[in-house]
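Asks: Structure in structure tokens, see below.
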Amino acid sequence: MVNFTVDQIRAIMDKKANIRNMSVIAHVDHGKSTLTDSLVCKAGIIASARAGETRFTDTRKDEQERCITIKSTAISLFYELSENDLNFIKQSKDGSGFLINLIDSPGHVDFSSEVTAALRVTDGALVVVDCVSGVCVQTETVLRQAIAERIKPVLMMNKMDRALLELQLEPEELYQTFQRIVENVNVIISTYGEGESGPMGNIMIDPVLGTVGFGSGLHGWAFTLKQFAEMYVAKFAAKGEGQLGAAERAKKVEDMMKKLWGDRYFDPANGKFSKSANSPDGKKLPRTFCQLILDPIFKVFDAIMNFRKEETAKLIEKLDIKLDSEDKDKEGKPLLKAVMRRWLPAGDALLQMITIHLPSPVTAQKYRCELLYEGPPDDEAAMGIKSCDPKGPLMMYISKMVPTSDKGRFYAFGRVFSGVVSTGLKVRIMGPNYTPGKKEDLYLKPIQRTILMMGRYVEPIEDVPCGNIVGLVGVDQFLVKTGTITTFEHAHNMRVMKFSVSPVVRVAVEAKNPADLPKLVEGLKRLAKSDPMVQCIIEESGEHIIAGAGELHLEICLKDLEEDHACIPIKKSDPVVSYRETVSEESNVLCLSKSPNKHNRLYMKARPFPDGLAEDIDKGEVSARQELKARARYLAEKYEWDVAEARKIWCFGPDGTGPNILTDITKGVQYLNEIKDSVVAGFQWATKEGALCEENMRGVRFDVHDVTLHADAIHRGGGQIIPTARRCLYASVLTAQPRLMEPIYLVEIQCPEQVVGGIYGVLNRKRGHVFEESQVAGTPMFVVKAYLPVNESFGFTADLRSNTGGQAFPQCVFDHWQILPGDPFDNSSRPSQVVAETRKRKGLKEGIPALDNFLDKL
């Protein structure tokens, strides 16, 4: 299938049971893009000779130069299963041709927002793990996200060539390595998954079922137990039995797969399988996986890499491998590649695993609907999503914007969950802040064109039915990053994506030539569109701030801004870190503030959260949308709150969802409800810009103790109450031992044993501390996990490499907020320097404002 016409693809799109939407996820440099190549070349978009070198999905120039994937790209593949293989599919199917929409996502932590966007539009994930270094921190983060989105994983052990050629492992050691990785992945799945009783059933991976692949993306070969089981079934069948029917054959292969993994042993003397490790006459038996699967592979490697021509020729003949004439003259590694590629082609093994084990939209949307759709579970839109119904109302989620070749326009990239999207269709474009029945963030516009994404190319297409991934033209002006597109009037939004990282590093940018300012502003708008994570902020002082997840992320954003979006030379400041303000004990006095007209008084106190509550709010375990009683019960049980107080939470802040709480513990106050909105507004304002240096507050609980109000409504309007509430909140913070919190990275460093000492040295200089150190079993590598303040992380990588001779590779993920030790009022302390710097940068008055500005006397 080299030449694909759009009409052919369009025909398959209607067979929604035969669509697979999947993403490839993994730790950085475990070989996702390389593997994706062998899939793409099998489905015929790259000429097969170049696979493994092209990295088709790395479409950007900087991706090809840095050899990392930065943005997630989508490609449609087509694969036909043979009659025999169709019997392995346990869900509904429709013909033998399958359309696979594949999204290759980046593995670098700084880009994990890209991964989140990719996960939202897919139903299954191919998790790639390097079998030498095992399951790493990013694999875990991404897999956890996938399971939270109810996405079914299958596993691929990549880089087997390294295990055989570099580490020279014995078959039994290699089996143990695989076994350990499978266990690690299953531990993650069972920790974050919903168990067998959940809506998805059992999603644990198991080589016996064929949900684990083994192979090498670089050399272009791979297999699951199914491939070998088929060879042996055919071999045993040839000895005596005649032809089997397809269904019986599938049954036999499944039985055979059960014997090829785990504690099953093979007795070569009589060709029997046994469950004990010793044969009747006391000999030690080889494990079946080693004897029947690894042994032939080892033999091929051994014969070819030691240049034994006759043995090689015999093996090639025995395995029935047909080489091209040009391959016959090769020797060493090139010949090894050619032989393995012919014998166990990676494309086939992986595409079979994907089509057989990953769910179709029909299967997946049944259990994903409740996570995807915010509205009631029984309205038209929800029913359409659940049944993946092309006749239902159009429901489509845009997960990100993809820049087009002409500067400044974007394709909206997303997935149709119900209905059909077509060129010229008039739709409702709903941004993330849309609420049903209101007009904000809602546009009624026609779609100009629908297009298919093909890696580096796009193809126009008339219409696309549900279950497919598509690009839209002409929607980009109405959405910033994500949104919902629908034709159903009462539709609610599709749920917003939760990112596992937060933008904590910021730089200020300005144009080198002041006349270019309008271009810079325009460029920042485009940048905010093109990256799901980045935040572009204009400070009151007129500074333009870009906030990103880490150093690398920001570097790439700035490069994009300079070259693609604004196209002007740019000056940037040194990166600075966002802080949070908090309190460390309860206010020592009951704070009183009077309104400007002296007729209203508010009394409040502040106190810190119990440990863990702020994190629960971030995760969404406790939120403003929850049912009141359930939330009160949760707070009472887990954090020992008073139930009566827990029920009287007025709001969360900043932005209505942040990790600060305003509770009302007043007794019988007149007119209280009339000023509730004003106090809440003051609270949102105060928590967004704290008292110390106008950073967000975090982990503070404010209690309204008492309120005395003027009887006349006109004297207690918003203009009187809002600033008073804010002053009172500031006073209660300043009397409660305020502190600063700084963001902390979790750093995972892989390195050989001899340089571990160097790592400790670097971390100690940077205020970091190691909390776990372990050896990767079966390899000389150590994994060191440490906490490192984000503030100290600039240039950390370079420092580490120079101190360890380039042998240590760090991965940083934002992990938590931690209180900066020291009192911000003490001039010699670290926090007071930070406060002073931040205030200076923001153009505020020097020094923390005095308490008298906020606290009034009776």
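Every residue number used here counts from 1 along the chain in the order it is shown.
Even glycines carry a Cβ here, placed using N, Cα and C.
Pasting the relevant annotations from Swiss-Prot:
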- 17-362: domain 'tr-type G' (DOMAIN)
- 26-33, 158-161, 216-218: GTP binding site (BINDING)
- THR57: phosphothreonine (MOD_RES)
- THR59: phosphothreonine (MOD_RES)
- LYS235: N6-acetyllysine (MOD_RES)
- LYS239: N6-acetyllysine (MOD_RES)
- LYS239: SUMO1 cross-link (CROSSLNK)
- TYR265: phosphotyrosine (MOD_RES)
- LYS322: SUMO cross-link (CROSSLNK)
- TYR373: phosphotyrosine (MOD_RES)
- LYS445: N6-acetyllysine (MOD_RES)
- SER502: phosphoserine (MOD_RES)
- LYS525: N6,N6,N6-trimethyllysine (MOD_RES)
- LYS529: SUMO cross-link (CROSSLNK)
- SER595: phosphoserine (MOD_RES)
- LYS619: N6-acetyllysine (MOD_RES)
- HIS715: diphthamide (MOD_RES)
Asks: Given the binding-site residues ALA26, SER216, LEU218, state which is nearest to LYS529 (SUMO cross-link) when distance is taken between Cα atoms.
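Replies: Considering only the listed binding-site residues, the nearest one is ALA26.
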Asks: How many neighbouring Cβ atoms, not counting its own, are there within 10 Å of the Cβ of LYS445 (N6-acetyllysine)?
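Replies: LYS445 (N6-acetyllysine) is surrounded by 15 other Cβ atoms within 10 Å.
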Asks: I need the least crowded one of these modified residues (TYR265, TYR373), counting other C-beta atoms within 10 angstroms of each C-beta.
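Replies: Fewest other Cβ atoms within 10 Å, among the modified residues TYR265, TYR373, is found for TYR265.
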Asks: Give me the CA-CA distance between LEU218 (GTP binding site) and LYS445 (N6-acetyllysine), in Å, as a whole number.
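Replies: That separation, Cα to Cα, works out to 46 Å.
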Asks: Tell me which of the recorded positions TYR265, LYS322, LYS445, LYS525, LYS619 ends up closest to SER216 (GTP binding site) in space, Cα to Cα.
Replies: LYS322
Asks: DSSP three-state call for LYS235 (N6-acetyllysine): helix, strand or coil?
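Replies: Assignment for LYS235 (N6-acetyllysine) reads helix.
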Asks: Express the distance between the Cα positions of ASN158 (GTP binding site) and LYS619 (N6-acetyllysine) as a whole number of Å.
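Replies: Computed Cα spacing between ASN158 (GTP binding site) and LYS619 (N6-acetyllysine) is 32 Å.
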Asks: So among ALA26, MET160, LYS322, SER595, all listed as recorded positions, which is physically nearest to LYS445 (N6-acetyllysine)? Use the C-alpha atoms.
Replies: ALA26
Asks: Compared by Cα position, which of the recorded positions ALA26, LYS235, LYS619 is the closest one to TYR373 (phosphotyrosine)?
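Replies: Out of the listed candidates, the nearest Cα belongs to LYS619.
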Asks: Does anything in the same chain, at least 6 positions from HIS715 (diphthamide), have a Cβ under 8 Å from its Cβ, and if so what?
Replies: ASN597, HIS599, ASN600
Asks: Report, as a single number, how many Cβ atoms besides its own are within 10 Å of the Cβ of LEU218 (GTP binding site).
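Replies: The Cβ of LEU218 (GTP binding site) has 20 Cβ neighbours within 10 Å.
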